[in-house]
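Quick notes on the structure that follows.
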Amino acid sequence: MKRKAILASALVAGGAVFTMAMAQEEQLPTHLKELLELGMHPGHAFIDEGKDYYHSIKGANGKTCASCHGQDGEKLQGAYAKMPRYYKDLDRVADIDTRIKGCMTKYMGFDAKDKKFKKDFDKKWRVPLATYVASLSNGQAISVQLDDPQEKEMYKYGEQLWYMRVGARDFSCGICHTVLAGKRIRLQGLPDPVKNKLYTHWPAYRFGSDRMWTMEDRVRSCFKAYFLYTKQWDEKKDWVKKPPAHSDWVIALELYMKHAANGATIEVPGLLR
């Protein structure tokens with residue numbers, strides 16, 4: 001895969017101050033610290049890969065992402081700063097993952113039920129495309145509005161979910177990331193993404209798994225790791241249960257966190273454990 005070949009040389013202009021600060025906070029492995037000192041960021045390879053997909057993926061009607069949004073993504077600049085938001089054509093509040101999938105099925109001619117499309121989207125295209133599109137808003141302030149009734153409703157739902165105690169351990173997002181913020185669980189630091197506006201650094205390269213994650217990945221992973229999703233928890237059925245991708249449960253939490261980050265400057269990709 002292309003990103004594997006260029007990880008060692010991927011450059012992020014102007015990112016040295018942020019990434020070195022993150023390196024100290026996240027206790028990065030020595031080889032990653034050395035790359036950052038040279039101005040290199042492993043996550044930048046995903047931006048390059050996403051840009052390639054932006055130009056090369058064609059649906060049944062022959063259109064690429066660039067066909068609608070410009071050769072350099074100029075029509076998408078600033079779009080990520082306003083997500084999640086209500087989209088009339090999708091008739092729902094969507095995050096970046098859901099918006100990209102909606103574009104591909106609604107305007108590029110992909111069949112949402114086609115097994116190959118679902119596999120390619122989930123395993124190959126989604127994260128690099130989301131990272132590239134998000135990077136087009138670098139340097140801009142997050143500006144998530146709650147003008148539409150569906151946005152207001154989704155935000156309230158996200159706030160409710162943040163404090164809802166569910167799952168095998170009777171946890172909530174708020175227990176880890178508000179009450180216990182600054183402490184550690186399973187040797188991992190617990191940040192406060194609401195108070196500290198941490199959404200600015202997502203999508204993020206997670207060196208612990210050697211993968212780029214969108215915030216949707218992060219939210220779903222939390223539910224899986226800490227058994228939050230199912231209220232009536234059953235060990236056999238729900239040991240690794242997590243909310244479905246693109247579900248309101250996930251997007252509502254994203255909207256709640258990102259709205260709290262309004263005014264903060266986007267700087268992706270982030271670099272986290």
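Backbone N, Cα and C define each Cβ position, glycine as well.
Just so you know, TrEMBL annotations never went through curation; they're auto-generated.
Just so it is clear, the model here is predicted, and its values are computed rather than measured.
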Candidate sharing the heme c 1 site with CYS65, CYS68, HIS69 (per TrEMBL), from CYS103, CYS173:
CYS103
Could you measure between ARG218 (substrate binding site) and CYS173 (heme c 2 binding site) for me? Cα positions, answer in whole angstrom.
12
Just to be sure I understand the packing, how many Cβ atoms besides its own are within 10 Å of the Cβ of CYS176 (heme c 2 binding site)?
19
Near CYS173 (heme c 2 binding site), meaning Cα within 10 Å, which of CYS65, CYS68, HIS69, CYS103, CYS222 (recorded positions)?
CYS222
If one measures from the C-alpha of CYS176 (heme c 2 binding site) to the C-alpha of CYS68 (heme c 1 binding site), what distance in angstrom results, rounded to a whole number?
41
Could you tell me the maximum Cα-Cα distance in Å between the residues recorded as binding heme c 1, namely CYS65, CYS68, HIS69, CYS103, rounded to a whole number?
11
